[in-house]
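Take this structure, written in structure tokens, and hold onto it; I'll ask about it next.
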């Protein structure tokens, strides 16, 4: 065990040349350096965050939803069918060949089988009220933590001169503001990891894995920068990512409350804020400092290469996410509404109505053939698109 610990905490990996852990364990009197064991408090705090969230959603978010006349509603339930239920446990969207086989086996119309699976999928989806409460909780946290970060960073000299992030590194004193900010962010993301198994289930199963990996990567980056005492640049990275999330959650709340103009405007504003913070400030201010300024002042070492690699991977994700966001924003500008994302939270009930209408039309059709209905994009909601909720 000792040899494993020594290998993991290798000074040649974590620290710049000629710096040892012993030096960091004995800071000057009245000062303190970050220690990995200080982050252990984040796990019990994460459960505290979950408890606060439950109380917030019940005592604050739901009354707000009632004022906006957002009701839980009852989704239409699929009729019990043991054969289809067994298939549903293995695949929620069976292929056309399998649907045709089930149609023959049950002596059902193909569209009736498709409609059963659509109803069964929607049956497990959360209501608009549930999504509204979740978004309101995230909006409250992002607004609070972003406000705290701005107040702290505004008076920090390294926000205006990023070279000060690397002067005397890694012998930089841990301030209460840095510690509180890191612990709050880390506890929040641990709570998202835990609650992901009970939160909104996306239509596409890969979304669950993507968000799980996203939360895990975020936790890893925050923990890594804390253990490496890169808190100055780390606080700036977190603050930049929180900014656009506030506007996104506002747009989602407007969408759930059916304030379409506010939703469309909010999403366009979110796109602009996302572009400024993650495609301008993040690469040209923060990554530049970590790549260029730290090289000049501290010099590269092993964990330095890993950190830069992770930050660059994150930037490539920002570019991809902005491409998806821009497509939705352009539709909002030119079509007057935010179109439904491919990964939207719930399938449109209008599809079911279309199926019913097609059936009635088919009965009177001279050939009895089915006509393919055209699907229009609804405005049931849009997924976060991979941003920090990231």
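Every residue, even glycine, has its Cβ placed from backbone N, Cα and C.
Remember, TrEMBL labels are computer predictions, not curated facts.
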In TrEMBL, which of 139-159, 244-264, 328-348 is labelled transmembrane segment?
139-159
According to TrEMBL, which listed range is DNA-binding region: 86-128, 172-214?
86-128
With DSSP as the yardstick, break the domain 'Homeobox' (84-127) down into helix, strand and coil residue counts.
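Counting residues by DSSP class gives 32 helix, 0 strand, 12 coil.
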